[in-house]
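Annotated features in TrEMBL:
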COMPBIAS  469-479  compositional bias 'Acidic residues'
COMPBIAS  487-496  compositional bias 'Polar residues'
DOMAIN    23-448  domain 'Major facilitator superfamily (MFS) profile'
REGION    452-543  region 'Disordered'
TRANSMEM  21-40  transmembrane segment
TRANSMEM  63-84  transmembrane segment
TRANSMEM  91-110  transmembrane segment
TRANSMEM  116-137  transmembrane segment
TRANSMEM  181-202  transmembrane segment
TRANSMEM  266-291  transmembrane segment
TRANSMEM  303-325  transmembrane segment
TRANSMEM  332-353  transmembrane segment
TRANSMEM  359-378  transmembrane segment
TRANSMEM  390-412  transmembrane segment
TRANSMEM  424-448  transmembrane segment
Amino acid sequence: MGRPDPEEGRLPAPVKPPDGGWGWIVLLGCFVITGFSYAFPKAVSVYFKELMKDFHVGYSDTAWISSIMLAMLYGTGPVCSIMVNQFGCRPVMLIGGLLASSGMILASFTTNIIELYLTAGVLTGLGMALNFQPSLIMLGTYFDKRRPLANGLAAAGSPVFLSSLSPLGQVLLEKFGWRGGFLIMGGLLLNCCTCGAVMRPLDMGMKRKMEKAQDKYEAKEMLPIGGKSEEGISSADGTKKAKKAKKKPKKGKKLLDFSIFSNRGFIIYTISKFILVLGLFVPPILLVNYAKDTGVPDTEAAFLLSIIGFIDIFARPACGMVAGLKWVRPHVAYLFSFSMLFNGLTDICSARASNYTGLVIFCVFFGISYGMVGALQFEVLMAIVGSQKFSSAIGLVLLIEAFAVLIGPPSAGRLVDALKNYEVIFYLAGSEVVLSALFLAMATYCCLNRGKKKEPPPEKNPSVGGGSDTEEAESDVQEAEEHSSDNHQPVHSTDNAVVVASEEANHVAEEQSGEGGGCPEGDGEVLARDGCNADQMVERDRF
């Protein structure tokens, strides 16, 4: 179905993702937002030693800054979903960029650690959360066929920014101190506002077309065409009122859609992600200390994280390209399970690594598997719930992941302190990741088998959110155009032509009523095919 001319008064069905065009600008913005959201809490750790000296606190006290940022990023997911559903992605992202920037700027003037928690932790974390989630939603609306590749490219922002923000933070710390560094970092976060400004909604063009079509219809109805036009206007007004009455109850549903919990695929995905997060972040957090305990020098131990980040940069787009292949995309959930299984087995096999060469090999395979997980996690969620419910789904998933983030790494640290043995921690973390992979694969297989036996007709599953409103808007305009075509007569036609046309229309109506066919009002194209609009056709020929 092509894109109709707006002058004809018709609107397209729900907008199809362009898979390109302005979508590449949206992808660039999502790349920047993802980089800031995931890399910034880690890059802030460069300033921790100076903060410990100035505020006379311990490392655990300063580490709470990054923890609060991550907690706000994950824990405020439902709040972000409600704001996006209520106000749209672009306004939420603009507000988020201002909050993130103001948090770091205010943090540069703080005098104690509590003020840092409230500014750099709460304000900046909330601002990044209000940017991260809407950017993923916009990415899903602009890409469909190329969505796996787009998700992979956007996810690559995390390792790219991590490898650049940390050295930049060190340079700023040496030249301007931590206060000057925080101030400049706050200025950099204003780029989130720029990224939010490019998130142009797809339905803006549709609204403009609908307004033009409505104006044209109203202009036609204002022409002096006699009593029949008055009947058409009254019937059109009645149709509009009925449509408005149907639309009014739907306006209250757009806060947070809990109906996604009735989706078995979403439940399976949420449980597997919770188990995954318990062990996914443990190895990179403990890797440097693990290497130091095995006798690796400090500089070489720190370089191990750089190896993971470098491999991760290329692994995410490559995995996105593979996931976008025609024969892979229908089974992307199993590819996600494989990536988690690969990551878990890498943790288990590296538990006995006792030299630097073994740790480098571990970092290479961990970077590949970690990049695969990062590229596929949101693509699988989009495939399960669809783009219309994704805004609510990602908010609820991030909230559940927040609990896992607060449980997994801290528990691993306590076990290290108690057991003084990193090998057990790697075994435990790897086992959790493997368990999540097996659960997702087996549960998805069972769910798909049940779904094949009960295939509901697609017509009975209306889309939720913007799609249904779009279809109703389209029907409004189409009915308006149909009424105008049924009731409108050319003002330049003679009175005889009008009389002849009306007589012929009455004759056709009598014949159809005698045969029991009838001529229902407002059926548009069907009426034109059956001859119920013969008066217009005769009149146009005479004209």
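Cβ atoms here come from the backbone N, Cα and C positions, even for glycine.
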Looking only at the domain 'Major facilitator superfamily (MFS) profile' (23-448), mean pLDDT returns 83
Hey, does the transmembrane segment (424-448) touch the transmembrane segment (332-353), meaning at least 3 C-beta pairs closer than 8 angstroms, sequence gap 6 or more?
yes
Seg_contact(the transmembrane segment (424-448), the transmembrane segment (266-291)) with at least 3 CB pairs under 8 angstroms, min sep 6
yes
